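> The domain 'FERM' annotation in Swiss-Prot covers 5-295. The N6-succinyllysine annotation in Swiss-Prot covers Lys83. Residues annotated as region 'Disordered' in Swiss-Prot: 309-336, 374-407, 460-526. Summarising the annotation, Swiss-Prot assigns compositional bias 'Basic and acidic residues' to 374-400, 483-492, 506-525. Taken from Swiss-Prot, the feature compositional bias 'Pro residues' covers 469-480. According to Swiss-Prot, the feature phosphothreonine maps to Thr564.
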Amino acid sequence: MPKPINVRVTTMDAELEFAIQPNTTGKQLFDQVVKTVGLREVWFFGLQYVDSKGYSTWLKLNKKVTQQDVKKENPLQFKFRAKFFPEDVSEELIQEITQRLFFLQVKEAILNDEIYCPPETAVLLASYAVQAKYGDYNKEIHKPGYLANDRLLPQRVLEQHKLTKEQWEERIQNWHEEHRGMLREDSMMEYLKIAQDLEMYGVNYFEIKNKKGTELWLGVDALGLNIYEHDDKLTPKIGFPWSEIRNISFNDKKFVIKPIDKKAPDFVFYAPRLRINKRILALCMGNHELYMRRRKPDTIEVQQMKAQAREEKHQKQLERAQLENEKKKREIAEKEKERIEREKEELMERLRQIEEQTMKAQKELEEQTRKALELDQERKRAKEEAERLEKERQAAEEAKSALAKQAADQMKNQEQLAAELAEFTAKIALLEEAKKKKEEEATEWQHKAFAAQEDLEKTKEELKTVMSAPPPPPPPPVIPPTENEHDEHDENNAEASAELSNDGVMNHRSEEERVTETQKNERVKKQLQALSSELAQARDETKKTQNDVLHAENVKAGRDKYKTLRQIRQGNTKQRIDEFEAM
């Protein structure tokens, strides 16, 4: 039994380890990887490895892994990466896993400056990356420094601006807040929609020379072949769409492209090494195939995938809406709970006040009862005194009568009796006065007693009202919220050729009608303008790179990726080939 070979495959967000047999083909390994990660849009991807000479190469799917020049390590190392890029991410990337892998790969390329990205766009893209990672901004969770360990901007951008880590975070956080309510997968798609308009996005660059020996760059991408001057990778000077190319071939370092236009000469360039031509041929074949596939009706498989993706997205939206609804319900329940607690406290306070008032009224009642008793006692004393005085008066009357009789009987002692009579008369007058006074006093005490009795009755009535008032209702119970292979061909010979068919294709050059996301989306346009003016104040102009200068010139001239594309494809194929030869 042959000994198995250990293999490690690194995707953009995981490390996979497999044991393969010595006779395992590239396709078998590739199929095992895509099955493990759950990927169906396999035509974009490939397995990359470093060969024994240190060059990065794509694994050929039709050959055994062991027959390829993979650097001898244990385990054998491969990277699972996007080999071909879509023309329009929002139209072509169907599965969420595909979108995420592209998002992570493009983000890494931007952060490493493999794709040039202007500073304002870099900050906006960073905010989408943050939304994709953290979800909605929440100041309770996302405290200052929450982005401290995240790599969000290219080093070039950091060095070109006089801003601290905290100031960068503040700017990114402000835009992060703007994306509230955006699903994580939608944030990744928004990132890609902006990134795909960057000039270097999805372009494979190769150093070439024309017949004159001028050093140039060949750019191979989803839309065709473009020629760049050696000091400018941003702005292509000549373009050939895939629909104009009939045959591609190479012989050693010479690469020949035959146009569909029979009147046009062959398009010939030279690469520094044979292996470069092999890579160019493989990329041309793969990109041409995808270019043509996009311009034909979707296969049944793609239609099914799109329908499934739509259903999954709809389901996620429903789940999110349900989650938001539950969240709102929970917030309402929390507020209701707080309101009930507040009302409960208010009712308890009122109850305390009523109890205090009741106690106060009770004390007042007791005091008034005491006073009423005292007044009643005083009234009784006054009455007794009045009765005593009445008796004395009667006695005096009797004495007066007796004296009067005595006076009549004793005329002789008239003077003496008259004096006594006068004395008793005076005494009677005094007693009359005292009696009157006591009667008035008794009447006054009687009135006071009546008033006290009325106060007592009133207080009793108030107390009765307070005590019989219904107790405050208990707070209602708080109900808890419910919560393709495109083989580079194993050419032992130093030549290879491929026919590129253009049959059955609709609307060959639809890409020339495209506009950038900034032109389509007013919100993105305003965001980028605001960021640009904000960053301009902190920019160190002495640290501009060649790409910064070239980008600024393009912006000033009103050029963008698609306007340039239309411009470099003008004229017939022969004119553009002549132009290439003259460079």
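Quick reminder: no glycine exception, Cβ is built from N, Cα and C everywhere.
In the displayed structure, how are the listed features positioned relative to their neighbours?
A coil conformation is recorded for Lys83 (N6-succinyllysine) in the three-state DSSP classification, outside any helix or strand.
Within its own chain, the compositional bias 'Basic and acidic residues' (374-400) is flanked in space by residues 421, 424-425, 427-428, 431-432, 434-435, 438-439, 441-442, 445-446, 448-449, 452, which lie at least six positions past its ends and keep a Cβ under 8 Å from the stretch.
Reduced to three states, the DSSP call for Thr564 (phosphothreonine) is helix.
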> Cβ under 8 Å, sequence separation of at least 6 from the ends of the compositional bias 'Basic and acidic residues' (506-525): give me the contacting residues as numbers and ranges.
87-88, 124, 193-194, 196-197, 223, 241, 243, 295-296, 560-562, 565-566, 569
